[in-house]
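Asker: Mind looking over this structure? Questions follow.
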Amino acid sequence: MQGKIALEEHFAIPETLNDSAGFVPGTYWDELQARLLDIQDVRLKLMDEHNIETMILSLNAPAVQAIPERERAIDIARRANDVLAEECAKRPDRFRGFAALPLQDPDAAAEELRRCVTELGFVGALVNGFSQSATVDGGSTPLYYDLPRYRPFWAEVERLDVPFYLHPRNPLNQDARIYEGHPWLLGPTWAFAQETAVHALRLMASGLFDEHPGLRIVLGHMGEGIPAMLWRIDHRNAWVDVPPAYPAKRRMVDYFTENFFVTTSGNFRTQTLIDLLLELGSERVMFSTDWPFENINHAAEWFDAASISEADRLKIGRTNAATLFKLDR
């Protein structure tokens with residue numbers, strides 16, 4: 001197989017580096033910092049060792065989304081995108097970029113996405129969950145992207161014809177009481193998936209994809225649990241005497257199988273992959289590692305040996321991403 005394409009692969013700039021400190025033991029923090037700040041050295045060597053031809057890079061989480069001050073959020077997003085563009089320009093055959101976006105201000109986010117796609121050559125955006133804005137309850141209310149204020153932004157995403165990767169972040173403290181006393185459930189063990197799955201379901205139910213059917217949303221971690229629940233979600237909404245009303249015109253499974261793509265980032269289990277293929281089809285699944293929070297060798301060695309057909313391995317490992325992100329043009 002030609003080299004794999006991996007697309008949930010993170011980096012940091014000094015201003016956002018400490019956002020990742022809480023997700024690893026203190027003894028590992030020095031190594032994680034080095035991994036996040038490195039692009040051209042260890043990362044590239046590991047890519048070569050494990051037949052990863054291209055990485056699409058994105059800013060660590062929550063970064064821009066957790067900056068309530070509008071001007072600072074815009075500044076950090078632009079700074080991170082400029083740094084990433086410089087790094088990608090050194091090895092355009094190996095690295096591509098996802099835009100970081102200041103969605104505290106939908107118009108500013110649309111403008112920055114436009115700049116990143118048309119001037120910097122980025123292939124889409126990766127946004128770390130909901131945003132916080134000082135103008136909305138001082139930043140204490142999460143802003144989810146099904147809200148009406150984001151419709152013009154989504155129209156621009158569709159017009160630019162680039163995918164949007166919805167990446168996790170933890171819920172705000174006031175929304176995380178169920179985790180009190182159980183910090184092991186926060187972050188990638190559970191809270192990330194729950195938070196992101198609900199956000200994605202809100203997008204589906206809002207009617208967004210009826211208005212903008214060309215949108216393509218990417219979810220990591222084998223779909224954040226949604227594929228296993230699609231039948232039940234639609235079944236219960238249809239079965240009850242008075243179905244819960246939502247604006248969307250179709251079933252959740254219709255939007256998920258037509259407007260969503262899923263990656264294997266940070267979830268290296270063959271049984272889960274096979275279930276995902278049965279629910280979504282091999283044309284909408286893509287390989288990823290979640291470096292540097294997961295190890296490249298773990299992801300690549302698992303995927304290269306997974307019990308799937310070679311045709312599916314090629315699609316998942318390379319051609320789906322190459323097509324979606326127009327990398328072979």
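Cβ atoms here come from the backbone N, Cα and C positions, even for glycine.
Pasting the relevant annotations from Swiss-Prot:
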ACT_SITE  Asp290  active site
BINDING   Glu8, His10, His167, Asp290  Zn(2+) binding site
Asker: If one measures from the C-alpha of His10 (Zn(2+) binding site) to the C-alpha of Asp290 (active site), what distance in angstrom results, rounded to a whole number?
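Answerer: That separation, Cα to Cα, works out to 7 Å.
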Asker: At the level of the C-alpha atoms, what whole-angstrom distance separates His167 (Zn(2+) binding site) and Asp290 (active site)?
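Answerer: Between the Cα atoms of His167 (Zn(2+) binding site) and Asp290 (active site), the distance comes to 11 Å.
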Asker: Within 10 Å of the Cβ of His167 (Zn(2+) binding site), how many other Cβ atoms can be counted across all chains shown?
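Answerer: There are 27 such Cβ atoms around His167 (Zn(2+) binding site).
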Asker: Between the residue listed as 'active site' and Glu8 (Zn(2+) binding site), how far is it from one CA atom to the other, in Å?
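Answerer: The residue listed as 'active site' and Glu8 (Zn(2+) binding site) have their Cα atoms 5 Å apart.
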Asker: Which residues in the same chain, at least 6 apart in sequence, have a Cβ under 8 Å from the Cβ of Glu8 (Zn(2+) binding site)?
Answerer: Ser58, Leu126, Tyr165, His167, Gly220, Thr263, Ser265, Gly266, Ser288, Thr289, Asp290
Asker: Ten-angstrom check, please: count other Cβ atoms within 10 Å of the Cβ of Asp290 (active site), all chains counted.
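Answerer: The answer is 24 other Cβ atoms.
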Asker: What count of other C-beta atoms do you get within 10 angstroms of the C-beta of His10 (Zn(2+) binding site), across all chains shown?
Answerer: 24
Asker: Taking the center of the Cβ atoms of Glu8, His10, His167, Asp290 at the recorded Zn(2+) site, which other residues in this chain have a Cβ no more than 8 Å from that point?
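Answerer: Along the chain, the qualifying residues are Glu9, Ser58, Ala61, Leu126, Gly220, Ser265, Gly266, Ser288, Trp291, Phe293.
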